[in-house]
Amino acid sequence: MSKSPVAIIILDGFGKRAETVGNAVAQANKPNFDRYWANFPHGELKAAGLDVGLPEGQMGNSEVGHTNIGAGRIVYQSLTRIDKAIEEGEFQENKALNNAFTHTKENNSDLHLFGLLSDGGVHSHINHLVALLETAKDKGVKNVYIHAFLDGRDVAPQSSLEYLETLEKAISDLNYGAIATVSGRFYAMDRDKRWERVEKAYKAIVSAEGEKFEDPIELVKASYANDKNDEFVVPAIITKDGKPVATVKDNDAVIFFNFRPDRAIQLSNAFTDKEWDHFDRGANHPKNIKFVTMTLYNPSIDAEVAFEPIEMKNVIGEVLSNEGLSQLRIAETEKYPHVTFFMNGGRNEEFPGENRILINSPKVETYDLKPEMSAYEVTDALVEDIKNDKHDAIILNFANPDMVGHSGMLEPTIKAIEAVDENLGRVVDLILEKGGSAIIFADHGNSETMSTPEGKPHTAHTTVPVPVIVTKKGVTLREGGRLADVAPTMLDLLGVKKPAEMTGESLIQK
């Protein structure tokens, strides 16, 4: 039976910007995109900041974008979720955090706060540490000690002095808390099983092994004098009257305030793993500690979790599956996890009726050397699929504008967009021939801004809106759309009722 498929087509990193200088999207020859823009309802979508569950003004990215697209609702990212919880008072009542506070009161013991000391917002945020100090004081926790991991990667390489000063000001304003140890993230936040690094951080925290300093600021300055920037500061101990300020002991509580899991797992395991064999934890290994992690680092870690993952019900894949509709996810390697795992709300398995095609990305050093990447091969496979009437719904990603855009090179990025346009035409014209329709848009900006105002290469994502085209005659698109509105639009085109969990709205005006 002939199918009239509805497709979501993501031109990854294809933003909308009026200025044409350094704008690969504007400078590319793209007759197909321009033809659809001229002949079909079109507009723009917001794809950054609060509109995708990130802090205001923060650029979007592919993971966040595809999660929002698939969910059909704004999905708050960990940083924003925690910020919101602090603002609205939920943080102060958080069960896991309060369990840590209670543990110290019942055991007449100390609370220790571990985490990356910066406002980089990638692994942690210093504001969350300050909120923990304020909350612990309000809840009557007697002693709190901070084990500060210095950044220098997500922020400037020598910026820790300002963060230490911010922390010391908070401690002084509250007249509460003290810094106990300081360590570069290279040691405390290793993720590559370099256990000798983790061991140094662990032994500083538990056994006060390492160089001793009266003042964290002096410690960092000594490290700089030794050519070691923030990231590489060797774990060291802060002393008062010649004695270590604090170590983690039996019956204490720990809150690890990093929200990104990958670099917090190993140190957490060093404290909680009963079957430990990576290094000798020594006689001081603390027993009966209450260990709390800000988010779920790994289900195998014996810890309470302050902000559990949000389980997403009725993402686009599940809704299509429940309706008995067949669906295809197709992309090349670079964006395959995005059209599958992220689009499915962090789920690896296919839904019933969901099929997947993975086309290998070319094996080149950098994609500016092959700007077309695998766009032709992806399209060949998809055209074959559409001709054979295989699927009711299609989710396709063209990786080129983003992956080549990251090179910061204008000419290859223009070529990348031209290759995508040629293949976009092959796909969309065939869908239209079959009586179907497509939603053509991007997940975030990048290739529309290839140079800085000073004329230097620009390699990052942007906060600009993205274009959207719905290839259906006789409808009008409303303004004010965002990525969360794409899945409801697809359901609208398929004649499927939107589930209550999808708070996004169809872009098609009723």
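Backbone N, Cα and C atoms are what each Cβ position is placed from, and that goes for glycine too.
According to Swiss-Prot, the features are:
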type	residues	note
ACT_SITE	SER62	active site, phosphoserine intermediate
BINDING	ASP12, SER62, ASP443, HIS444	Mn(2+) 2 binding site
BINDING	HIS123, ARG153, ASP154, ARG185, ARG191, ARG260, PRO261, ASP262, ARG263, LYS335	substrate binding site
BINDING	ASP402, HIS406, HIS461	Mn(2+) 1 binding site
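Long-range neighbours of HIS444 (Mn(2+) 2 binding site) (same chain, six or more residues apart, CB within less than 8 Å of its CB): ASP12, GLY13, GLY15, ALA47, ALA48, MET59, GLY60, ASN61, SER62, VAL64, GLY65, ASP402, HIS461, THR462, VAL466. The binding-site residues considered are ARG191, HIS406, HIS461; of these, ARG191 has the fewest other C-beta atoms within 10 angstroms of its C-beta. Taking each of the binding-site residues ASP12, ASP154, ASP402, ASP443 in turn and counting other Cβ atoms within 10 Å of its Cβ gives the largest count for ASP443. The shortest Cα-Cα distance between ASP443 (Mn(2+) 2 binding site) and any of the binding-site residues ASP154, PRO261, ARG263, HIS406 is the one to HIS406. Shown in sequence order, LEU116, ASP151, ASP154, MET189, ASN258, PHE259, ARG260, ARG263, ALA264 are the residues of the chain, 6+ apart in sequence, with a C-beta less than 8 angstroms from the C-beta of HIS123 (substrate binding site). If you measure from the Cα atom of PRO261 (substrate binding site) to that of HIS406 (Mn(2+) 1 binding site), you get 25 Å.
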